[in-house]
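Structure first, then comments.
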Amino acid sequence: MAGRLLGKTFATLSLSVALASVPVKSSGCLSIPACRDSFSLWRFHLNSNIMSGSNGAKETSHKKARTSPYPGSKVQRSQVPNEKVGWFVEWQDYNPVEYTAVSVLAGPRWADPQISESTFSPKFNEKDGHVERKSQNGLYEIENGRPRNPAGRTGLVGRGLLGRWGPNHAADPIITRWKKDRRGNKITHPISGKNILQFVAIKRKDCGEWAIPGGMVDPGEKISAALKREFGEEALNSLQKSSAEKRELEEQLHKLFSQEHLVIYKGYVDDPRNTDNAWMETEAVNYHDETGEILDNLTLEAGDDAGKVKWVDISDKLKLYASHSQFIKRVAEKRDAHWSENSETDCGGHSSKSPRKPKAKRGAGAEKKAVI
């Protein structure tokens, strides 16, 4: 009874409607005490709400992870309504689809074996050799030998396209500069009155969506090294450079990535590849070139997983892959840059300024959406 009340208390604190208004179901987890698991879930939902600036994590931090068909396939997930996302909600008829891509089952070096293989004994919730199996959102539950997605149900079990059981760690470098005119003066947005920030965006080959140039952290690799490597590979095509070009490129990247930086987000990512047993987590870090001197010497060239690359103006009109729009919004807020033509809002979604007077209608030739 005590554990039941404790779990319900934490669920209420999480501000997640799906978890706050229903009875708590016993977790059945043998490896993690119930109270610790409840705290981890509370911490996860609190972090998700902070990232999204919303009052309901179920709608913002776990939406793309329930979309069908599953990326790169015709597999349809079992439908999971908002009110049944959370594991605290009893759902005896829950019948998720099992799917792991053939490319993962083939056993590439970046993928785990199947749980059923006798030689595979992963150490979940800790560093497992060179593989990081700890989640940035705290402890996650293990059920029937499989990790359980801390954000809730996705309608699909297995690993899908993801290589690791449990958290799959990525690094997302957000490279920014101020938009300037030909004279080198910062360009101010005519409505918000704030300077316009630009970031390097890539068009993903797999889905055609625009995104931050990032990727998976290799086993044993430091996040800082992964951030620099991924930007070089996807936005500068470093893998195809000659030895001399790589040395010159490395010098410029060292200048950029050795500067002070802002950690924008660390933790679970709402990603269409997520399943009940495997999910994406990232560390998104902003490296800003205030004067533009470093980035002016770097020529953008798409490489590796990127089909295209270019500088993009930051605004709320952007439509980006996974949770990337939320990361970009936080960068704009941190840098006090233009984001929206409406009254500016803080991270919690509250207006930080008095409502503006209505503006005259803009001309027919005015740009209505971001073009990238």
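If you go along the chain as it appears here, the first residue is 1 and each next one adds 1.
Every residue, even glycine, has its Cβ placed from backbone N, Cα and C.
As the structure is a computational prediction, the values presented were derived from the model and not from experiment.
Sequence annotations record features per position, and here TrEMBL assigns coiled coil to 232-259. Note on the coiled coil (232-259): residues 173, 175, 200, 202, 213-215, 224, 287-289, 294-295, 297-306, 309 of its chain, located 6 or more positions outside it, place their CB under 8 angstroms from a CB of the stretch.
Sequence annotations record features per position, and here TrEMBL assigns compositional bias 'Basic residues' to 353-362.
Marked as domain 'Nudix hydrolase' by TrEMBL: 178-334.
Residues or ranges marked as region 'Disordered' in TrEMBL: 53-77 (among others).
Taken from TrEMBL, the feature region 'Disordered' applies to 338-372 (among others).
Per TrEMBL, signal peptide is recorded for 1-20.
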* Tell me, roughly as an integer, the mean pLDDT over the domain 'Nudix hydrolase' (178-334). => 90
